[in-house]
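Trainee: Pulled from TrEMBL, these are the listed features:
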| type | residues | note |
| --- | --- | --- |
| TRANSMEM | 50-73 | transmembrane segment |
| TRANSMEM | 85-104 | transmembrane segment |
| TRANSMEM | 116-136 | transmembrane segment |
| TRANSMEM | 148-166 | transmembrane segment |
| TRANSMEM | 178-199 | transmembrane segment |
| TRANSMEM | 257-283 | transmembrane segment |
| TRANSMEM | 295-314 | transmembrane segment |
| DOMAIN | 358-443 | domain 'PhoU' |
| DOMAIN | 465-545 | domain 'PhoU' |
Amino acid sequence: MDFFSIVDLVGGLALFLYGMSTLGSGLERLSGGRLEKTLEKMTSNVIKSVLLGALVTGAIQSSSATTVIVVGLVNAGILKLKQAIGVIMGANIGTTVTAQILRLSDLDSGNFFIQFLKPTTLAPIAAVVGIIFLMASKKSRQKDIGQILLGFGVLFTGMFSMEAAVRPLSDMPQFAELFAALSNPILGVIVGALVTALIQSSSASIGILQALSSTGLITFSSAFPIIMGQNIGTCITPILASIGANKNAKRSACVHLAFNVIGTAIFLVVTYAIQYTIGFPFWDDVISRGGIANFHTLFNVVTTVLFIPFVGLLEKLANHLIKSDEAELSQDAIANNLDERFLVSPGLALNQARETVLSMANLAEYNFNECSKLLRTYDAKTTERIKENENIIDKMEDRLDNYLLRLTEKDLTEPESREISELLQVMSEFERVGDYSVNIMEQADYLYDNDVKFSDKAHSELAILSRAVSEIIGLAVGCFGNSDLKQAAYIEPLEETIDAIIDVLKFRHIDRLKLGQCTVDAGVAFLETLTNIERISDHCSNVAVYVMGHEGTHKGLDRHEYIRLMHSGQNAVYSEKYREYTSKYYETVKNLV
């Protein structure tokens, strides 16, 4: 390989990883629970998953492509790890179709449908259609579809670029002779794995071996371990695809590797045990293209059948090798609360749904507290944690929507119906708190990336305001979680105090701009931050309305009635708390020098 081939290889890898990221992001936005349900039906058990993986891989003639897509679907949360394992197993069977076709020397099929399904045809078509959707469409759904298609096209373009960069190796006599010189099974497995990892295609590697078999130098004894090693080498593609992905996507790649390594180890032991005890009469005979294709098929079918009963063990092994972090454990705990078996008992299902909304609220509260710190002290790990939490919040909102809508189909009492309405409304409010917290984080990203800084006084003002908002979020979470009307009554006076503080900060900010004490870039970020904080406060006020409208003597209360009640001048609690919050926060801001 010369310098330019290496450049092509690295560039192809970059395109491949970018395409994977683009594809996953588009799938995640588009799915909204619908794609998840469809795939869950198609992969509802291991047998269906294996068949699906075999059919898809047989159609596109690339197990690497199938496993890469599976990693993307797992990363997007559309497929669960257990479902992915079956598809990965099936992909190993489907990839044997290519070798069976190659044995017929029918490399250039005249069948239009088969040619159309090949990634070499689909990838550029997908990229063209995707870019048209992205540039010409105004609808977000069509843009998401465009992003998926473009990601698909870019991903395979990168894969083709990598394959093209290393293709000259197959024409080197030394490279070809390397296969024939291997009689040691361990070396055969290693070389088969390394060559396939380099080429990034077990089908291509098998094709090279089949081509070499025409020389009459390849025997069964040298071909068998190479074929087994090639199955291990093809694991490099999903491993690369899992770079930067979530833990479950990494586990999918890990399962693919473990499945092939363990299967190879078992097959090696059994094959050589039989050879050294009974002996294969054909062991030293020259192997043909058909023999290579048949052993490749036999190996993958047998290992898949052997492992189907042990899918659960493979899942446990992957979970053991790649430990869950705190955010993932939180997501699993929330998901377990929404067990569909609870739907037969509406009261129990509502309790579980309420606990889930409360978990979402706690994540939103955590995100705000952390993102407000980022404005002064930026930390990349904190931003990643905030993004993970926001991803959990969004997914739980989708699941809760579906869960509560299914619950409405049951025979419910009037209080239960009213509680479903409250949960849907409160869930939406806390989800918006999470969204605006992420917006604040993005302002912190902007400040850090562009080396823009707030003045010390602006930081001091925001610190006081953030404490007030942190308190109002805590009150909103507390009044909802405990159905506490007392805490709910404290929210409106604090919300009014926060609004007053924001008005003061906006006027001061304008003064700093006039005096040249603040740059325009910093000024825009400051105003955006204030706007997001104000909206968070408003959503907390909405939570108080729903709680007071659901509990006690204020049942059925709407927002306008709530505001009138709080501002009537007859509410002693409101007046007392307003004075307290004014002294605690507003006066502190006013007294800043």
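Heads up, the Cβ atoms here are built off N, Cα and C, so glycines get one too.
It should be emphasised that the depicted structure is a prediction, and the values quoted were computed from it without experimental measurement.
Where in this structure would I find these features, and how exposed are they?
Mentor: Residues of the domain 'PhoU' (358-443) grouped by DSSP class, helix first, strand second and coil last, total 75 helix, 0 strand, 11 coil.
The domain 'PhoU' (465-545): residue composition by secondary structure is 74 helix, 0 strand, 7 coil, according to DSSP.
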Trainee: For the domain 'PhoU' (465-545), report the average pLDDT of the model, please.
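Mentor: That region's mean pLDDT is 91.
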